[in-house]
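**Q** The structure that follows is given in the form of structure tokens.
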Amino acid sequence: MANVVVVGAQWGDEGKGKIVDWLSEQADIVVRFQGGHNAGHTLVVGEAVYKLSLLPSGVVRPNTLGVIGNGVVLDPYALASEIDRLAGQGVTVTRENLRVADNATLILSLHRELDALREDGAPGTKIGTTKRGIGPAYEDKVGRRAIRLMDLAEPETLPPKIERLLAHHNALRRGFGLEEISETAILDELTAIADRVLPYQDTVWHLLDEARRGGKRILFEGAQGALLDVDHGTYPFVTSSNTVAGQAATGSGLGPRAIGYVLGIAKAYTTRVGEGPFPTELHDAIGQRIGERGHEFGTVTGRKRRCGWFDACLVRQTVQTSGIDGIALTKLDVLDGFDEIRVCTAYDIDGQRFDHLPASQAAQQRAVPVYETIPGWSGTTAGARSWADLPAQAIKYVRRIEELIGAPVALLSTSPERDDTILMHNPFED
């Protein structure tokens, strides 16, 4: 039996929600280990549809514990709002199905305001932040001035911590020509929400270690995608946290040996939201067709996603940087009916051939994809639940992707419905 880490193998929006929901049926605990409420996913459980941004997928499933780890930056008001929204759908979130790391960093209103100021006022190309305060909160965490969840339980210790926080932020606000924030305002903001979120706090690393030793199955749920990793992604058009699989250990407090199987999620094509390099992006009718058939709009932002052909180079990079054991390939049905399908196998940069995307931003902008053309299929893959249901050419496409990325396809998703999944290898049985 293996614990399983699920990571996006592209730029996010790969369909992790469905796969995590499918796997969470076998898990005892589902753990969020990085990011915040800046990336959402949709879960379909029976007739109910849940849209989550911060809560782990396990909270909507009976007898499963959801855990928010220390690697997450937590907006306490967003957490309370999401809990209330689920209550309206008949899902009660209590300490029985949710625990939050006591050392998780909090996102405050000043973080959201600073995030928006920087994005809206930045000269040149924008990073594409969701303006939810994620980046500024991580900055304060690294700068050792953050307010953490456990601090709300010790209100007498808050004033000096707030003073240290505001010494930094008010200096920034003066630079922006903004009114300074009072310590009382931050204290009131924290005091007003404390009773809503403190009941969930726990020493998460200890809880997870005991669960692991007790033979519990743990599913680590990544947000966004590995190509948005602050170190290994297309910097600076990335998120503010590490999104590769190794972060599951750091962001939960479990040692790396506790991670067994790494499952990467990848679409059968490629999408990206916001700015940044995208070598295989299609600006023609084919890209439009993929976007329309795939319903490519962001769960959280509603922004239209950019669409392009499958980039085997980038997914292969993720296989290597995340140590991916197998891939869940999603949205294969979107490619039904194409006469031919193209796959990027290399890049040409100034006449030189590359099998990976260089870290240089300038080189990324000059990268021209080198394509391999694969015949399409006229039949349908939508709703297929076994290999026998797939057109022969669709199977050849999947097999070629396996060869190019250096990892097997463990699961194949053929529609948004959770049961429309072809299982080749169960990650929990590794």
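Each residue's number is its place along the chain shown, starting with 1.
Glycine is no exception: its Cβ is also placed from the backbone N, Cα and C atoms.
Taken from Swiss-Prot, the feature active site, proton acceptor covers ASP13, and the record attributes it to sequence analysis. What Swiss-Prot lists as active site, proton donor is HIS41, and the listing cites sequence analysis. Residues or ranges marked as GTP binding site in Swiss-Prot (evidence: sequence analysis): 12-18, 40-42, ARG305, 331-333, 413-415. Residues or ranges marked as IMP binding site by Swiss-Prot: ASP13, GLU14, GLY15, LYS16, ASN38, ALA39, GLY40, HIS41, THR130, ARG144, GLN224, THR239, ARG303. Per Swiss-Prot, Mg(2+) binding site is recorded for ASP13, GLY40. Taken from Swiss-Prot, the feature substrate binding site applies to THR299, VAL300, THR301, GLY302, ARG303, LYS304, ARG305.
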**Q** For GLN224 (IMP binding site), which of the listed binding-site residues (LYS18, THR42, ARG305, LEU332) have their CA atom within 10 A of its CA?
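**A** Matched binding-site residues: none.
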**Q** Between the recorded positions LYS18, HIS41, LYS304, ARG305, where is the Cβ count within 10 Å the lowest?
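**A** Comparing Cβ neighbours within 10 Å for the recorded positions LYS18, HIS41, LYS304, ARG305, LYS304 has the fewest.
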**Q** Going along the chain, which residues six or more apart from ARG303 (IMP binding site) have their CB under 8 A from its CB?
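**A** Long-range Cβ contacts: VAL273, GLY274, PHE297.
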**Q** Roughly how many Å lie between the Cα atoms of LYS18 (GTP binding site) and the residue listed as 'active site, proton donor', rounded to a whole value?
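**A** With the alpha carbons as reference points, the distance is 8 Å.
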**Q** Cα-Cα separation of THR130 (IMP binding site) and GLY15 (GTP binding site), in Å?
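**A** Checking the Cα atoms of THR130 (IMP binding site) and GLY15 (GTP binding site) gives a distance of 19 Å.
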**Q** What is the separation, in Å, between the Cα atoms of GLY40 (IMP binding site) and ARG305 (substrate binding site)?
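**A** The separation of the Cα atoms works out to 14 Å.
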**Q** Just going by other Cβ atoms within 10 Å, which of the binding-site residues ASN38, THR42, THR130, GLN224, THR414 has the emptiest spot?
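**A** Result for the binding-site residues ASN38, THR42, THR130, GLN224, THR414: minimum number of other Cβ atoms within 10 Å at THR42.
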**Q** Rounded to a whole number, what is the top Cα to Cα distance in Å among the residues the record ties to IMP, namely ASP13, GLU14, GLY15, LYS16, ASN38, ALA39, GLY40, HIS41, THR130, ARG144, GLN224, THR239, ARG303?
**A** 35
**Q** For ASP13 (active site, proton acceptor), find which of the recorded positions ASN38, HIS41, LYS304, ARG305, LEU332, THR414 come within 10 Å, Cα to Cα.
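**A** Near ASP13 (active site, proton acceptor), where near means Cα within 10 Å, the recorded positions are HIS41, ARG305.
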**Q** Do any residues at least six apart in sequence from LEU332 (GTP binding site), in the same chain, have a Cβ closer than 8 Å to its Cβ, and if so which, in order?
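**A** Listed in sequence order: ALA268, THR381, ALA394, TYR397, VAL398, LEU412, SER413, THR414.
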**Q** Between the Cα atoms of THR42 (GTP binding site) and ARG305 (substrate binding site), what distance do you get, rounded to the nearest Å?
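**A** For THR42 (GTP binding site) versus ARG305 (substrate binding site), the Cα atoms are 16 Å apart.
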**Q** On a C-alpha basis, identify the one among GLY12, GLY15, LYS304, ARG305 that is nearest to HIS41 (active site, proton donor); the candidates are the binding-site residues.
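**A** Going through GLY12, GLY15, LYS304, ARG305 one by one, the closest to HIS41 (active site, proton donor) is GLY15.
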**Q** Roughly how many Å lie between the Cα atoms of ASN38 (IMP binding site) and ARG305 (substrate binding site), rounded to a whole value?
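**A** The separation of the Cα atoms works out to 15 Å.
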**Q** Under a criterion of Cβ-Cβ distance under 8 Å and sequence separation of at least 6, what residues of the same chain contact GLY15 (GTP binding site)?
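**A** The list for GLY15 (GTP binding site) reads ILE265, LYS267, ALA328, THR330, LYS331, SER413, given in order along the sequence.
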**Q** Looking only at DSSP and grouping its letters into three states, which state does LYS18 (GTP binding site) belong to?
**A** helix
